[in-house]
Amino acid sequence: GIGGTFQYGLQVSIINSPAEYIKSFISEAWLKRYGSSPSEEIITLMWSFVVSIYSIGGLLGSLSAGYLSVRFGRKKVMLLNNIPALLSAALMGLSRLSGSFEMIIIGRLLAGVCGGLGLNIHIMYAGECAPQKLRGVIAITASTAIAIGKFIGFALGLREVLGVDALWPILMAANALPALVQLLTLPFFPDSPRYLLIDKKDKEGCI
């Protein structure tokens, strides 16, 4: 769940606390680039892009989950899913230094792809790997990881943690940490037995 539905929960909640700081950054970047202050409508439009493009990324990730899970296997897709997570963290974390609010928009799109893929593959992979007696309990880890992700996102967004003007780029790049944890741990996990048997025709590997 660390690289699965946790990422979804984290990104859903993490965007709330730095809202005013990101709007101010958009205004500053626009002023430096074009020499005039943007109107409230433009700031609202750019902020709407930042928030809503996550859903578009999520749709793209969800639509590709079925094909990728068969083409590469559940485990490999979960590992590959860390690429958009790390790219999004890099883009959003460096956006202020670069003076580009577009980097936040692209980063949120990639974070959405990661969330959409993770949301689908987590449930698929965990359910197929779980012993029959534990399948119900293991399936619940998807919703549990979402809830923990939301909680961590809200906690990190507190003013006492990262919810201040100087630290919001680090807050937005927080999804890099679970991605790195998964990259280090998931290679030791087995492949899905169902994938090995049905898609790879590897009966021995499945057993």
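Yeah, the Cβs are placed from backbone N, Cα and C, and that goes for glycine too.
Marked as domain 'Major facilitator superfamily (MFS) profile' by TrEMBL: 1-207.
Through the fold, the transmembrane segment (42-67) approaches residues 8, 11-12, 15, 19, 22-23, 26-27, 30, 77, 84, 101, 104-105, 108-121, 124 of its own chain, all at least 6 residues removed from its boundaries and within a Cβ separation under 8 Å. Residues annotated as transmembrane segment in TrEMBL: 42-67 (among others).
Residues or ranges marked as transmembrane segment in TrEMBL: 79-97 (among others). Listed by sequence, the residues of this chain that lie at least six past the ends of the transmembrane segment (79-97) yet keep a Cβ under 8 A from its Cβ atoms are 3, 7, 25, 61, 68, 72, 103-104, 106-111, 113-114, 117-118, 121, 168-170, 172-176, 178-180, 182-183, 186-187.
Residues annotated as transmembrane segment in TrEMBL: 103-125 (among others). Same-chain residues lying 6 or more positions outside the transmembrane segment (103-125) and placing a CB less than 8 Å from one of its CB atoms are 1, 3-8, 11-12, 15, 22, 46, 49-51, 53-66, 68-69, 74-75, 77-78, 81-82, 84-85, 87-92, 94-95, 139, 141-142, 145, 172, 175, 179, 192.
For 137-158 (among others), the entry in TrEMBL reads transmembrane segment.
According to TrEMBL, the transmembrane segment annotation covers 170-189 (among others).
Outside the transmembrane segment (137-158), and at least 6 residues removed from its termini, the chain residues within Cβ reach (under 8 Å) are 1-2, 4-14, 16-18, 119, 122-123, 126-127, 129-130, 171, 174.
Below 8 angstroms of C-beta separation, residues 2-3, 6-7, 10-11, 14-15, 17-18, 75, 78-79, 82, 85-86, 88-90, 92-93, 95, 104, 107, 111, 114, 129, 153, 156-157, 162-163 of the same chain, each at least six residues beyond the ends of the transmembrane segment (170-189), sit close to that stretch.
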